[in-house]
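Everything below concerns the one structure shown next.
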Amino acid sequence: MIRYISAMPSPEWEHETPRTLALLGSTGSIGTSALRVVEAHPHRFKVVALAGARNVEKLAAQAARWRPEHLGVLDATGAAKLRDLLPAGYAPHIHIGPEGYATMATLPEAGTVLSAQVGAAGLRATEAAARHGKVICLANKESLVLAGDIIRRHCAGSGAVILPVDSEHNAIFQALQGHDPASVRRIILTASGGPFRGRSRDDLAAVSCRDALAHPNWNMGAKISIDSATLMNKGLEVIEACHLYGVGIDDVGVVVHPQSIVHSLVEYEDGSQIAHLGTPDMRIAIAYCLTWPGVVDAGVPRLDLVKAGSLTFEEPDLHSFPCLELARRAYREGRGMPVVLNAANEVAVSLFLSDRIRFLDIPDIIARALDMHDGTTPHDIEGIEALDEATRRTVYERAGHSNTDGMA
């Protein structure tokens, strides 16, 4: 039985033109793709806010093109640099840090918020948008991994709408349209398998960061590329599915599909399955969310099944890639474990990207963090942030490094 996380927009929302957008994470892969969609359909959208993190030069270029009234950066140093880079005579309001991002997510002039910041740093803004009744195009899966129950309650109270940008969850969302929620038997997420599909643990012992970043199908940022290589990305998506669709962890299956053509499937009680197919390009899902319930040309190459050739599927290798099962464990056990899982993973990925640990150390670090968790169960955003910070500090200390990352 599907119980979606939020209501859908009222019918008149379809005719809102232009849609007013706050793009949080505009300098990343998702944000850049979103602006390409906006560029292709300028009459449909008005960009009122753009937020990046450390890539101030790119944010300045975006701001010069779109001239939003609000910009967001990570810190005061970035804000000063941004002001110097903006065109003469253009003086938008600049918001700083997580609180600034959250303020941007609640701007009265922004009807739709694209939550595309990387990792736990996107939680505050997503939670704020949910409290204020926004239409949220959600790419930041960590928001639901960390605070799915809280965000569901906010949506129920405010009328906020969540539309999933993740290609897999967008596929599920589309496959559910027009069907009785009670007729759904299970959800099946597809995974590409990443750049190391078919490798043994012995093979993985010597892989480099550069190897892990070379995804065979998708153009993604560094953090999600590593998550794809470890299968943690799919683990987080399994947890996300439980919150988005109100299903149990055992009702969410995962199959490896190396071609990344079938984005996910829904199985119904009659034994049938409905799949969503398309070219592996995030603009399809982004355009679908930004214009829902309408459909526009996303600007991607058309899928030709004859040229695509064979579509194959296989079971994930949980021995070589244990992160998927670690995510399932964290969700089953609850008691703050998903927060610990995500924090430990973000630290481990950061250490790997800076060549301070090996690839196979990533799941080991996460497993140790889960084993050490004392059962603390956060009940609000402040509690989640406190557990996140404590976990990061512990993981860094055990790894022999200083804590330089966090939810900010």
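Using N, Cα and C of the backbone, Cβ positions are placed for all residues, glycine too.
The NADPH binding site annotation in Swiss-Prot covers Thr27, Gly28, Ser29, Ile30, Ala53, Arg54, Asn55, Asn140, Glu142, Gly221 and is backed by sequence analysis. Cβ neighbour count for Ser29 (NADPH binding site) (all protein chains, 10 Å cutoff from its Cβ): 19.
What Swiss-Prot lists as 1-deoxy-D-xylulose 5-phosphate binding site is Lys141, Ser167, Glu168, Ser192, His215, Ser228, Asn233, Lys234, Glu237. Note on Glu237 (1-deoxy-D-xylulose 5-phosphate binding site): other Cβ atoms within 10 Å of its Cβ, all shown chains, come to 28.
The Mn(2+) binding site annotation in Swiss-Prot covers Asp166, Glu168, Glu237, and the record cites sequence analysis as its basis. The DSSP secondary structure for Asp166 (Mn(2+) binding site) is coil.
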Other residues, Cβ within 8 Å of Asp166, Glu168, Glu237 Cβ centroid (Mn(2+) site): Lys141, Pro164, Ser167, His169, Asn170, Leu189, Asn233, Lys234, Glu240, Ala241, Ser264
Maximum Cα-Cα separation (Å), residues Thr27, Gly28, Ser29, Ile30, Ala53, Arg54, Asn55, Asn140, Glu142, Gly221 listed as binding NADPH: 21
Winner by Cβ contact number (other Cβ atoms within 10 Å) across the binding-site residues Lys141, His215: Lys141
Cβ neighbours of Thr27 (NADPH binding site) where a neighbour is any other Cβ within 10 Å: 24
Number of Cβ atoms other than its own within 10 Å, given for Asn55 (NADPH binding site): 16
Inter-residue C-alpha distance, Thr27 (NADPH binding site) and Asp166 (Mn(2+) binding site) (nearest angstrom): 17
